[in-house]
Amino acid sequence: MVHWADYIADKIIRERGEKEKYVVESGITPSGYVHVGNFRELFTAYIVGHALRDKGYEVRHIHMWDDYDRFRKVPRNVPQEWKDYLGMPISEVPDPWGCHESYAEHFMRKFEEEVEKLGIEVDFLYASELYKRGEYSEEIRLAFEKRDKIMEILNKYREIAKQPPLPENWWPAMVYCPEHRREAEIIEWDGGWKVKYKCPEGHEGWVDIRSGNVKLRWRVDWPMRWSHFGVDFEPAGKDHLVAGSSYDTGKEIIKEVYGKEAPLSLMYEFVGIKGQKGKMSGSKGNVILLSDLYEVLEPGLVRFIYARHRPNKEIKIDLGLGILNLYDEFDKVERIYFGVEGGKGDDEELRRTYELSMPKKPERLVAQAPFRFLAVLVQLPHLTEEDIINVLIKQGHIPRDLSKEDVERVKLRINLARNWVKKYAPEDVKFSILEKPPEVEVSEDVREAMNEVAEWLENHEEFSVEEFNNILFEVAKRRGISSREWFSTLYRLFIGKERGPRLASFLASLDRSFVIKRLRLEG
């Protein structure tokens with residue numbers, strides 16, 4: 001099957017016509033931390049642009065920061081004194097943490113740094129700068145000239161939604177009072193560049209559209225941007241794409257006011273965290289950021305989460321055991337891509353998903369240290385980073401001859417596994433090696449089996465996990481010991497739990513003499 005990004009790219013070429021350069025856009029209001037749900041907007045635009053580039057076209061990806069929006073409410077994690085700034089542009093509200101020029105910049109810079117780590121090329125633009133330097137002046141004036149047409153379009157959809165029509169004194173723009181920097185009521189337009197306003201403080205005056213104090217309202221601003229930048233594609237959340245939404249009105253406004261066609265759009269679903277109720281909200285603070293994912297995932301896996309899901313499918317990120325499954329799935333797709341492992345009928349789509357997931361496509365299969373096993377090894381206190389690498393080599397998980405690139409990836413995964421165990425691993429995955437054998441009842445048959453395994457280990461300095469696994473099963477089977485009794489006894493002896501990691505590979509990772517002593521209940 002064709003990957004969904006390639007399908008949309010082909011549709012753009014077909015419906016927008018052949019061009020040397022296409023423009024894709026994404027946009028976010030930095031009213032709080034920009035979370036993994038917000039990122040889906042940017043990545044959807046990016047991956048479609050990526051598909052267009054792969055077809056030989058030049059692409060400009062604009063990401064619009066709507067930092068000229070009003071500061072509407074004080075988030076939980078912000079001092080309540082910030083209520084004094086309500087109604088001001090968020091680009092002019094001070095940073096509560098004192099590390100950036102403004103409230104908006106605090107959140108924008110963090111997200112920009114996070115996106116850069118994913119190898120995503122994007123042109124970040126700032127609405128506050130564009131308005132203040134008069135970039136949109138002509139389009140704003142045109143919106144005033146076409147005010148009646150805009151009201152007609154909006155009222156048509158308001159009537160369908162059984163909402164009252166816009167008041168007669170409605171204008172397609174708002175004014176930020178030059179003195180108090182709050183939204184002011186527009187009283188009059190002189191038919192040219194001047195607008196008369198009255199601010200909540202009672203102050204009245206005239207302001208020039210070109211001064212940067214006049215800002216279009218959202219339902220006009222969005223189609224104006226499409227026209228100004230020649231946007232060919234912009235994804236949107238379903239709240240913007242339902243019947244009568246801002247996309248529907250925007251399609252008509254761009255045509256009737258600016259004489260152009262609306263870009264193609266694509267609805268994307270929400271991104272949530274498994275086990276968390278409700279939507280993430282940057283202003284509420286119940287969010288997971290890209291930087292949180294970077295603590296446990298390689299950059300390619302972060303991109304893979306979004307690339308593998310069609311945009312109309314909700315994503316639930318499982319930071320618990322789901323992380324182990326995600327690594328397993330990604331590693332399998334990577335092996336299929338490099339022809340190391342066979343797949344099924346969807347090989348083409350899987351290979352394309354891998355291509356679109358990688359910030360920089362590797363020329364060969366770089367060593368894959370199984371994350372599931374690393375989550376076990378990082379809990380063994382006697383193993384250093386180099387020891388872990390040696391265990392992986394000895395047990396056949398990675399090759400003996402490691403390149404610099406191989407070593408870097410393995411070490412990265414070791415650190416990511418440590419972070420995962422510390423922050424997200426369920427309690428039944430965590431364990432610690434008991435310093436002394438616990439007092440447990442051991443039947444005579446089990447004791448004999450343990451002694452036989454200890455003797456086998458004494459006689460085998462080198463062995464494979466498969467050989468060791470066979471011995472563990474054979475000694476128990478020969479004595480009629482049930483797997484449940486046998487394995488639970490061994491787990492209790494080493495980690496004090498009924499269950500644990502895969503036993504053969506786990507015990508083979510421990511010091512051999514320690515395992516022998518513990519099996520003999522000597523220490």
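A Cβ is built for glycine as well, from the same backbone N, Cα and C atoms used for every other residue.
Quick look at what Swiss-Prot annotates:
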{"type": "BINDING", "residues": "D95, C99, H100, H106", "note": "Zn(2+) 1 binding site"}
{"type": "BINDING", "residues": "C177, H180, C199, H203", "note": "Zn(2+) 2 binding site"}
{"type": "MOTIF", "residues": "30-38", "note": "motif ''HIGH' region'"}
{"type": "MOTIF", "residues": "279-283", "note": "motif ''KMSKS' region'"}
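Locations of recorded Swiss-Prot features on the structure.
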{"residue": "D95", "record": "Zn(2+) 1 binding site", "DSSP (3 states)": "coil"}
{"residue": "H100", "record": "Zn(2+) 1 binding site", "DSSP (3 states)": "coil"}
{"residue": "H106", "record": "Zn(2+) 1 binding site", "DSSP (3 states)": "helix"}
{"residue": "C177", "record": "Zn(2+) 2 binding site", "DSSP (3 states)": "coil"}
{"residue": "C199", "record": "Zn(2+) 2 binding site", "DSSP (3 states)": "coil"}
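Annotation: H106 carries the greatest number of neighbouring Cβ atoms among the binding-site residues H100, H106, H203 [cut-off 10 Å, Cβ to Cβ]. Cα separation, C99 (Zn(2+) 1 binding site) to H180 (Zn(2+) 2 binding site), rounded: 24 Å. Of the binding-site residues D95, C99, H180, C199, C199 has the largest number of other Cβ atoms within 10 Å of its own Cβ. If you compare Cα positions, C199 (Zn(2+) 2 binding site) sits closest to D95 out of the binding-site residues D95, H100, H106.
Within 10 Å of the C-beta atom of C177 (Zn(2+) 2 binding site) sit 22 other C-beta atoms, taking all shown protein chains into account.
In this structure, the C-alpha atom of H180 (Zn(2+) 2 binding site) lies 22 angstrom from that of H100 (Zn(2+) 1 binding site). Between the CA atoms of C177 (Zn(2+) 2 binding site) and D95 (Zn(2+) 1 binding site) there is a gap of 21 Å. Other than the site residues C177, H180, C199, H203, same-chain residues with C-beta atoms no more than 8 angstroms from the centre of those residues' C-beta atoms, the Zn(2+) 2 site, are P178, E179, R181, R182, A184, Y197, K198, P200, E201, G202. Helix, strand and coil counts under DSSP for the motif ''HIGH' region' (30-38) come to 3 helix, 0 strand, 6 coil. Rounded to the nearest whole angstrom, the C-alpha distance between H100 (Zn(2+) 1 binding site) and H203 (Zn(2+) 2 binding site) is 31.
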